[in-house]
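A.B. asks: Take a look at the following structure, please.
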Amino acid sequence: MRSKHLVTLFIITFLSFSTVKVWGKDVFAGFVTKKLKTLLDCNFALYYNFKGNGPDAGSFLDFVDEPEQFYWFVEHFLSVKFRVPKHLKDKNIHNFTPCLNRSWVSEFLKEYEEPFVNPVMKFLDKEQRLFFTYNFGDVEPQGKYTYFPVKEFHKYCILPPLIKTNIKDGESGEFLKYQLNKEEYKVFLSSVGSQMTAIKNLYSTVEDEQRKQLLKVIIENESTNDISVQCPTYNIKLHYTKECANSNNILKCIDEFLRKTCEKKTESKHPSADLCEHLQFLFESLKNPYLDNFKKFMTNSDFTLIKPQSVWNVPIFDIYKPKNYLDSVQNLDTECFKKLNSKNLIFLSFHDDIPNNPYYNVELQEIVKLSTYTYSIFDKLYNFFFVFKKSGAPISPVSVKELSHNITDFSFKEDNSEIQCQNVRKSLDLEVDVETMKGIAAEKLCKIIEKFILTKDDASKPEKSDIHRGFRILCILISTHVEAYNIVRQLLNMESMISLTRYTSLYIHKFFKSVTLLKGNFLYKNNKAIRYSRACSKASLHVPSVLYRRNIYIPETFLSLYLGLSNLVSSNPSSPFFEYAIIEFLVTYYNKGSEKFVLYFISIISVLYINEYYYEQLSCFYPKEFELIKSRMIHPNIVDRILKGIDNLMKSTRYDKMRTMYLDFESSDIFSREKVFTALYNFDSFIKTNEQLKKKNLEEISEIPVQLETSNDGIGYRKQDVLYETDKPQTMDEASYEETVDEDAHHVNEKQHSAHFLDAIAEKDILEEKTKDQDLEIELYKYMGPLKEQSKSTSAASTSDEISGSEGPSTESTSTGNQGEDKTTDNTYKEMEELEEAEGTSNLKKGLEFYKSSLKLDQLDKEKPKKKKSKRKKKRDSSSDRILLEESKTFTSENEL
């Protein structure tokens, strides 16, 4: 019996010890099974022998100090299915058979859901160094370099030049060329006159007869042949991330590297240390003032040497793929990881300063999740569900019992108190048209993206996202602001009715989705900029989902800043259950584990803030307009109660997991009224600048329709909901041409170059011009009044009834009018009827340039038969809440009994 206990104790001790050993120093050792270790060795063997000439020590990748090299190896080797290239199949390099058709990243993520990347880097770096030591012994591994090609100091070659000709050698048949050595180059530099004069001067000093004879042939054929002096390229080699981590500018980084290297040139083993010798030789040959300037450069960090020779383009660097190293034409050095783009030239000069341009800023690799590199859609889906499965049980729906215990006040929210205007800052300008606001909103978001991608502070980046905290909030908040602005101007009859279906958020969505159109706005083709623009594109699509009730086109939701939200969550802001209704709506997306939970959450909170913002601005600074649309907004005090209630619910034990998930991706600033309103005020200030108000032309957007992820989320398209325009959209060439037009001329003709509405339907689906215009005019009657035919009149009247009955709680009719307006309306109908009889051409122009009908929303009530007001209309949206209220009261009374 005692022996059994001893055996048991020994086994437990052994297992505990082995566990500590596995998990103590190396987090991933427990997951890197023998199969994964074998697969990793296969990838290392394939990579180091990729050229087929045996293992190459210059192929070492520095995974820790150069994260970009780590991601390169993951992308091209570890994340793809393992295959042996044709040129290596016949060579006995390694036993690759157990590794075929396997992906290391996919198998690793099945063992570990989503690891922190830094420990993975260190683990793979350790494994690579073991492989390197096994194959190369005591050779010290050096990570690959970033190459910066440079040729000239001013007009002088840094290296001794090469004389090239088109004179053919009689024996070899090749063109004659002459490579100068250092002594010859010194003579060449001391010569006065043209290049041929310098060559002739050089000829008189050369002692080697064979080289002298070659120069003689070149000089004798001067008049009949092409002779040029070309500077060889010197590649400055840097460990880019390591060397430039403390500098915010690429050119200054190279300057600093040269100072450090040239100060200790005698002891430096760096491959670019000999550049100091070449420069010293050149400056001594040229003498003053260059030698003195070089000494100043060595001691003064404000003195610069590396300068851009051309305007830089993107991408700034050329990063090579494995196949590029096999290309005999490119003839790449194995130790070269990436190289400055051939269009981005640099040279050496002591004149002028480094230009202030964001392209010269250091572009360091961001930390990206490993799951980004999963090989196939199947892998991505597997990892998604695997992570979700490990995240815990979903949140169950709230019960009536819980509601009765958690809600202490079952009365409906009411507040008619006046706003304290002394505490409200005037910010809103109602005179700017919606089309202009769209363009300015996109421009402002471009500026925000510039700010985020040019900052080096990664502290604000969440662990589970590569987008700065707060960016999605700003994107959605600005989209909501402009979307609500459109509704307000509609309610005040200040906007063309055609803008009803031109969702501002869809313009922003397509603007940022079409990243090829961002040239000239900010860092074009910059990977970070594209990532941020796509995030904003996706986020902004959720704004109309909240304001206009998902993907269902309901005209009545345009008549309120909160009715779409009420319909979305099936509750009313005045209801005591409204906060729970919002949370329960979000729970459905949280349980799916999707990003939509975060985006819907921000959009809903933004809509609530926007109600408060417009209520305050209109109440304090536009009193007449405020009285017209007071009932279409939520009172700020009610908004504050709702926001506080949502915040408290998110902090509760039941919904705490939702808050944690949100904070993994985004900032808690969404609950700070001060920060939200500061963002709104900043955008309003941006609008008011004269420079921005001139930019009334919206960007030309491609005709690619918006692809929604599901049929229930976002805004869907139906042909009958889209208002077409007569004028065909410009081509991309025309759009780019307009960008070059003089700004004054652009301002004069701004109405002639109004914005193009992004077409939601593909071109192949669009009908002929005549049919299209007639469909448009018929569709407009839904919102503008009856047609000649009785059937159309009935349809329009019913639509008007629906619009007038959708005002929400405590809504009173604001329609006013006189006989003159009725006559105007009748004339409008006649004009529209004449349009139908025209030769298929419509007078509906782009943007706000011209619109025949100026029918006002308050005129819709005049066209419908008068009906008795329903007493139930006031609380129409809260019927479900009433039922729930009765159930909870019943439950409470039963408990009391």
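Here the Cβ of each residue, glycine as well, is placed from N, Cα and C on the backbone.
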A.B. asks: Have a look at Swiss-Prot and say which candidate in Cys244, Cys262 forms the disulphide with Cys253.
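C.D. replies: Cross-referencing Swiss-Prot, the cysteine bonded to Cys253 turns out to be Cys244.
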A.B. asks: Scan Ser268, Ser460, Ser465, Ser804 for the residue that Swiss-Prot records as phosphoserine.
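C.D. replies: Per Swiss-Prot, the residue annotated as phosphoserine is Ser804.
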A.B. asks: If you pull up Swiss-Prot, which of Cys475, Cys620 shows a disulphide to Cys536?
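C.D. replies: Swiss-Prot says the disulfide from Cys536 goes to Cys475.
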A.B. asks: Have a look at Swiss-Prot and say which candidate in Cys231, Cys262, Cys276, Cys620 forms the disulphide with Cys421.
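C.D. replies: Cross-referencing Swiss-Prot, the cysteine bonded to Cys421 turns out to be Cys620.
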A.B. asks: Cys157 has a disulfide partner in Swiss-Prot; which of Cys99, Cys231 is it?
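C.D. replies: Swiss-Prot lists the disulfide between Cys157 and Cys231.
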A.B. asks: So Cys276 is in a disulfide according to Swiss-Prot. Which of these is its partner: Cys262, Cys336?
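C.D. replies: Here Swiss-Prot pairs Cys276 in a disulfide with Cys262.
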A.B. asks: I'd like to confirm something. Which of the disulfide-bonded residues, Cys157, Cys253, Cys262, Cys276, Cys475, has a Cα closest to the Cα of Cys421 (disulfide bond)?
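C.D. replies: Of all the candidates listed, Cys475 is nearest in space.
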A.B. asks: Where Cys536 (disulfide bond) and Cys157 (disulfide bond) are concerned, what is their Cα separation in Å, rounded?
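C.D. replies: So the alpha carbons of Cys536 (disulfide bond) and Cys157 (disulfide bond) sit roughly 48 Å from each other.
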A.B. asks: Using a Cβ cut-off under 8 Å and a sequence separation of 6 or more, which residues in the same chain sit near Cys157 (disulfide bond)?
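C.D. replies: Lys151, Tyr185, Val229, Cys231, Pro232 - these are the non-local Cβ neighbours of Cys157 (disulfide bond), listed in sequence order.
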A.B. asks: What is the total of other Cβ atoms whose distance to the Cβ of Cys421 (disulfide bond) is within 10 Å?
C.D. replies: 14
A.B. asks: Tell me the Cα distance separating Cys620 (disulfide bond) from Cys253 (disulfide bond), rounded to the nearest angstrom.
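C.D. replies: Counting only the Cα atoms, the answer is 54 Å.
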A.B. asks: List the Cα distance (Å, whole number) between Cys244 (disulfide bond) and Cys620 (disulfide bond).
C.D. replies: 53
A.B. asks: Within 10 Å of its Cβ, which one of these disulfide-bonded residues (Cys276, Cys475, Cys620) has the largest number of other Cβ atoms?
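C.D. replies: Selected residue: Cys475.
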